[in-house]
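Residues or ranges marked as active site in TrEMBL: Asp277. Marked as ATP binding site by TrEMBL: Lys104, Ser208, Ala209, Phe210, Leu211, Glu282, Asp297. According to TrEMBL, the Mn(2+) binding site annotation covers Asp297. The domain 'FAM20 C-terminal' feature in TrEMBL is assigned to 172-389.
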Amino acid sequence: SRRHKLYREELNLTSPAAPLPLRLEASWLQFHLGISRDGLYPRSSPTVNRLLRDMQDFTTISADYSQDEKALLGACDCSQIVKPSGVHLKLVLRFQDFGKAMFKPMRQKREEETPEDFFYFVDFQRHNAEIAAFHLDRILDFRRVPPTVGRLINVTKEILEVTKNEILQSVFFVSPASNVCFFAKCPYMCKTEYAVCGNPHLLEGSLSAFLPSLNLAPRLSIPNPWIRSYSFDGKEEWEVNPLYCDTVREIYPYSHGNRLLNIIDMAIFDFLIGNMDRHHYEMFTKFGDDGFLLHLDNARGFGRHSHDETSILAPLSQCCIIKRTTLLRLQLLAEPEYRLSDVMRESLLQDRLAPVLTEPHLLALDRRLQLILKAVRKCVDTYGEAKVVANDTTQPEAPASDRVKLTT
């Protein structure tokens, strides 16, 4: 703490700084301005590539807990959290040009699989899963995952020495191996053995670009109709009722429009990455009921390459409907010359933390893709293609009036 105070005094960080001008060409701002009803960014967006580079290269100017982390500090029933710091260890890093990204540190080595006895709601959050999910989402042409990149962070210089949060400062320590470590703060039973450590200062992590603030671009958080039970022995109705989708179809907003189709897109995405933890989804209110669903918080994906959790596909298998554009993209990625694992492998090589996924995880994508197509074929055999494949049309680029509006 004393070292941190001296460091700030040396850089004159205790005095209020002059306000920085907002540069309209800043990659974070251009990313926000590019959000439309079609997705978070246009296809082949140069802004996204520039944003990824900036998140990799820009110096951090501050670090703090995220809002949900701060809420946890005020109301934490740690007896209900098996791994307190493993579940909630993430930070908000700020950069120049008003850039802001969510940092999730490496908690698990790439070759490690989630233990079979772990429930999905106590699984580790994996930084490489966040990175891989962004690449997969872009390959599927969903464009619903915020730009995410891997980076080696110097936890001393880029977190400890730039944070003003005294609680965050207090959880740093030097391990017996002389590595700088930190852990999540929890009122009761968070321990140093749950910490993440640099080597001795450098630590891998993912950086996910923040979306526009809620006062500029309001979002709704909506429970997933196929939400799972977050208890050790509970079951939800969809898990025991094969006709559950009939009920969902009668409920607003799933009774009309694209919402149910978007839920099925999300289920297909989650099945490919093996994510069972999609209890809510978010949407921009500006785009109305048929706006796209944001695919946020994917760190519990890519946990077990040896297991395909087919229950994630329940929205598809129970409702037997899929967008034609989604199906065509999946069929293309099943072709030998455009095999999903090959496209993902090539895409992930762009990240500085490559290899982001191990080979078994890449090959699991091909296997799961075939299971999705098999489920669609079963639906077509039962109900016919006309009822199963929804003829969604590719919308033109949204006009300027439909874009997220920001004010300086």
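Each Cβ is built from the backbone N, Cα and C atoms, and glycine gets one as well.
Taking CA atoms as the reference points, Ala209 (ATP binding site) and Asp277 (active site) are 21 Å apart. For Asp277 (active site), the nearest of the binding-site residues Lys104, Phe210, Leu211 in terms of C-alpha separation is Lys104. Same-chain residues at least 6 positions away in sequence with a Cβ under 8 Å from that of Leu211 (ATP binding site) are, in sequence order, His32, Ile35, Leu40, Pro146, Ala217, Arg219, Leu294.
Taken over all pairs of the listed ATP-binding residues (Lys104, Ser208, Ala209, Phe210, Leu211, Glu282, Asp297), the Cα spread reaches a maximum of 20 Å, rounded to the nearest whole number. Applying an 8 A CB threshold to same-chain residues 6+ apart, the list for Phe210 (ATP binding site) reads Trp28, Val92, Lys100, Ala101, Met102, Pro146. The Cβ neighbour count for Ser208 (ATP binding site), using a 10 Å radius over every protein chain in view, is 26. In this structure, Glu282 is the one among the recorded positions Asp277, Glu282, Asp297 with the smallest number of other Cβ atoms inside 10 Å of its Cβ.
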